[in-house]
Amino acid sequence: MKTTYSADQDALFAAYTRTTNTWGRLTLFVGFVIATAIPFIVMFTTDLDVTAGQIITAFIAVAAVYGAFYVIEPITYYPILGTAGMYQAFLIGNIANKLVPSAIVAQSTIGAKPGTRKAAYAATAAISGAAVVHVTSLLLLVGVLGTWIVSIMPPSITEVARVYILPSILGGVMVQLIATLKQVKATAISIGVALLVILLLVPNTPKLVSSFQIAICVVLTVAIVWFTHGAKDDDEDSALIN
Amino acid sequence: MNLSQSTTSQISAVANSPLLWILAVAVLGVVLLQSYVYMRAVRANAAGADMTQREVFQAFRAGGVAAIGPSLAVVLVAIALLPLFGTPPILVRIGLIGSAATETASASIAAGTVGANLGDASYTPDVFLIALMAMSLSGACWMISTLILTPILARGESALAHVNPALMAIIPAGALLAAFAGLTVNELPKSTIHILATVVSAVIMAICLWVARRLNQAWLREWALGFSIVGGLIAAYIATN
């Protein structure tokens, strides 16, 4: 099936592309500026004692884990989302669990064939619909209802939530990662390295080592996986986290 | 306990300040503005793709309805994180690029660089700010990278699109597994209740994923993390009381 468009239709599509590109870039940039300004505003409006060195160190430790994703995720999602969708997706997040499924449902609802203009429009409209639900649920259910729930909770419960939220997230996420990535060898290596670094190396070395314990786990695991990687086992699923 | 409760209220005062509320609502407003402009562009130019106004509305509605389940699942996780980070930081970090797991891991790694742990007595307002900085700067990198890469990718024929697929699969997956394995193992020596919460959360996730696959219930996969967190916290609550 080959669809042909008239010159008038091409002009309309060009207008759509122009508007979504310009406004997509602008809104993503503004979102980036406000979100990034927040911690700096906290820093300059309170008397908290945090140095630039501490911030840079913390950021480097985090980037050691996610640095590859900053580049790989935009490249991976581009063929799925197109230019307009990229500026929506990387502002809103929740790409794989919320936005892409919404776009697919919408395309099948109106019977738009993949790769057509209609499919691109349907995806944009669907992601916009998803964005409205996303923002509304956060504002009403987390911002208003959630804040109220936390305020009436007895301190004994919020205290437990604060102290034990981390292990309660990590146990589940670890299992989810293992099940999703299906990389038996990398899983075994990463757990072995973690046990070795956290339980054996860190307690017996200066405090500096413990500051970078996660970065050390990451570098060691990636190095071992990379150098033991055979040419034939490269059918792994690519890892995406957004 | 008293010491940690007074630092908790200090963090809460910083995290829930009126200015941060305004900025959090502004960020969500930017998301709504973008959707509004995009919808207007689709409606005004629908004929360019042989699309009717009715189909535009159907697509918008279908996308919104499809997002309800995943949104509620995210809400559950976000509320569980409120006592740790406060409402405005959660709205911004969960409302924009990133996820509960990504942000918590970033915050935990950042706290670790100054020898602190999220949630315990070492989690002071200073540590909160360092964690918030690291989360925000990491989120910023995704956005900057998208702003730079999208026009390049749009030109097509970019060498970027042909990165070695093995490299694309191995390094990020290895990094992710290593980070979460390290963070998880780091929780275990803290106390038996930490071990309990980790194990209960892991078991609930395993059950949810198994049932989701066996009975073909995709929604359960979205809710699995929320159920795991609530289960882990309930187990920890019962064990401490």
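Including glycine, each Cβ sits where the backbone N, Cα and C put it.
Keep in mind it's a predicted model, so treat the numbers as computed, not measured.
What TrEMBL annotates here:
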TRANSMEM  B:20-39  transmembrane segment
TRANSMEM  B:60-85  transmembrane segment
TRANSMEM  B:127-154  transmembrane segment
TRANSMEM  B:166-185  transmembrane segment
TRANSMEM  B:191-211  transmembrane segment
TRANSMEM  B:223-240  transmembrane segment
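Within its own chain, the transmembrane segment (B:60-85) has Cβ neighbours under 8 Å at 8, 15, 39, 93-94, 100, 104, 107, 118-119, 128, 131-132, 219, 222-223, 225-226, 229-230, 233, counting only residues six or more beyond its boundaries. Sequence-distant neighbours of the transmembrane segment (B:191-211) (same chain, 6+ residues past either end, Cβ-Cβ under 8 Å): 184, 217, 220-221, 223-225, 227-229, 231-233, 235-236, 239-240. Beyond the ends of the transmembrane segment (B:166-185), by six or more residues, the same chain brings 101, 105, 108-109, 198 to within a C-beta distance below 8 angstroms of the stretch.
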